[in-house]
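Colleague: Mind looking over this structure? Questions follow.
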Number of protein chains: 2
Amino acid sequence: MKIGVIGGGQLGRMLALAGTPLGMNFAFLDPAPDACAASLGEHLRAGYSDQEQLRQLADQVDLVTFEFESVPAETVAFLSQFVPVYPSAEALRIARDRLFEKSMFRDLGIPTPAFADILSQADLDAAVASIGLPAVLKTRTLGYDGKGQKVLRTAQDVVGTFAELGNVPCLLEGFVPFTGEVSLVAVRARDGETRFYPLVHNTHNSGILHLSVASQAHPLQALAEDYVGRVLQQLDYVGVMAFEFFEVDGGLKANEIAPRVHNSGHWTIEGAECSQFENHVRAIAGLPLGSTAKVGESAMLNFIGEVPPVEQVVAIDDCHLHHYGKAFKAGRKVGHATLRCQDMTTLEHKIAQVQALIGN
Amino acid sequence: MKIGVIGGGQLGRMLALAGTPLGMNFAFLDPAPDACAASLGEHLRAGYSDQEQLRQLADQVDLVTFEFESVPAETVAFLSQFVPVYPSAEALRIARDRLFEKSMFRDLGIPTPAFADILSQADLDAAVASIGLPAVLKTRTLGYDGKGQKVLRTAQDVVGTFAELGNVPCLLEGFVPFTGEVSLVAVRARDGETRFYPLVHNTHNSGILHLSVASQAHPLQALAEDYVGRVLQQLDYVGVMAFEFFEVDGGLKANEIAPRVHNSGHWTIEGAECSQFENHVRAIAGLPLGSTAKVGESAMLNFIGEVPPVEQVVAIDDCHLHHYGKAFKAGRKVGHATLRCQDMTTLEHKIAQVQALIGN
């Protein structure tokens, strides 16, 4: 079976590393000449709206998936005429737009921060009056890693902010005094079978994920599975989805979903019996799902901007390096390390060792 | 770092799958148009004696390794002029020839079956008279998976057998009434640091490895490490080596070494903290070695001739498929499955499940 992937970054690279042992071949559509997944399959170097290349891709693969959610809707619609696309155009449409996403949460009874659709500065002023401050203004589409958003704390922060974010449709979200950020990575097969990985506790630095720690029997696991299950069923979803939550007052408030393999699930390569990448491939290929059980205690640390010297990373016992083969650049995700240990005490010690290499 | 691999079969493929996350790139020299490692790096399609292509390979990589030991000596010598080659030409020279190999065992005080160099039928007749029957006549070079050898049980079996094996230099080996076949996979770094995986118990069908089971605290582990350590030091070896032994009377007799990653170490991809493939890459690249500790209880089953339907293999919990992407052909190794379980009872149950798919 040959799988087409829209995007050839590290997620595509790790999909190919997981799918190749299943006998899958891969083709990546990515305009970047140095797309880091390219060495693991064919590389169609073209823009995401290049219909000729999209048609070429569709003609040579059995199905198409993607590694980022801001794929143009027209691209997905075009491809869907010729080849199955997983997850579906509808899942992408919802996940790509914070208004649709939050509205779906509300409709499904999943708690989420107060929000308002913002199409003008006047909308923003009215919404701030209603929701209150602090609040966060986010572009409805194309935001990631803390980009395309601004925290509003004072009335002064609100002035001119709609223009500052580019005069594009935005969402104002009430600020949530959360005690933690957790995410649940789930996978749903074509036949509806669904499996969930353990909840992961995430720590961000400057809006970018820094550390994910897989939890042990988290008390909110069942609640999170309930919420995520509602969304998966609503979208008749196929593949891996990540769902980010705020922990608030011993409960969960939905932040956002990612309709794809996700950074907070990278620990599963070594830390789970079957990784999120293999499970995504299995799901879209119509294969039985793999076990989401943990293997030992795991954590993942991102390497942002640069990978520390390889010999220092791999000198740490139980540390697994994932170098993305990308050019180093400030703020760019260029690699990660997974730690897999026998117990939490050892894990915490190893986390500190990796952090010392990063300088965090 | 870019690594050149002589040979582009499944061992090269699994080296690339393990080395890519370390940030390594790969180039494979293999005359086969459908070399199954080719999709994971550059493919120089040329014969192993094609000096122009060998030079091209040497010019674009930082070091060279190989995935089979019958690489022509001239190839290794030629490459070594331009680029480091690991393991060394000397290690290959010994491992490639059963006479040199057995003589080294004897010189290092490692028990091995009685043997005699056979250059003619007259040599064979004399050796049979001295060593006795049953015995095994093996070509000194190029034998693998039970090919290039004949078991001699009666005087009748001896008649004309030298010609039958092609009138090439052979070794006669006394038959050993072994109770089991075990192998030790070891890795040695450039600085001499050495690590050993747990002893593996191997079962063959028709001369081809069928099943490897990683042992738990095997009573012969220390003895095996002693023997293998002597060979590694003697050869100033760099990289992964596999050493096959017969279990005889509660001790070990050396059968043969493979100067490379080995089929009986495939279980380490999931079953050990750091796989034989990653450790080989680490060793030749001058990186610190990874842990050879087991993760759970593991076994590996080969798929010979064909891979069972993928959906049936992956439907077995804790079963990890490794499909080599090769054309199916009787007697050919085309894939394997690793099982990783919490305990031996579960492992034995799962082994039976995979065997049922194979029809063994």
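Cβ from N, Cα, C; glycine included.
Quick caveat, the model's predicted, so the values are computed rather than measured.
What TrEMBL shows for this protein is this:
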BINDING   B:R98, B:K138, B:143-149, B:173-176, B:E181, B:H204, B:255-256  ATP binding site
DOMAIN    B:102-285  domain 'ATP-grasp'
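Mind mapping these onto the model and telling me what they sit next to?
Modeller: Secondary structure at B:K147 (ATP binding site), as computed by DSSP, is coil. Cβ environment of B:K147 (ATP binding site): B:G207 lie under 8 Å away, each six or more residues apart in the same chain.
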Colleague: Looking only at the domain 'ATP-grasp' (B:102-285), report the model's average pLDDT.
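Modeller: So the average pLDDT across the domain 'ATP-grasp' (B:102-285) works out to 95.
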Colleague: Reduced to three states, what secondary structure does DSSP give B:R98 (ATP binding site)?
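Modeller: Its secondary structure by DSSP: helix.
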Colleague: If one looks at the chain holding B:R98 (ATP binding site), which residues at least 6 apart in sequence have a CB under 8 angstroms from its CB?
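Modeller: Correct list: B:F115, B:K138, B:T139, B:R140, B:T141, B:G143, B:L171, B:E256.
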Colleague: Around the C-beta of B:V176 (ATP binding site), how many further C-beta atoms are within 10 angstroms, looking at every protein chain?
Modeller: 19
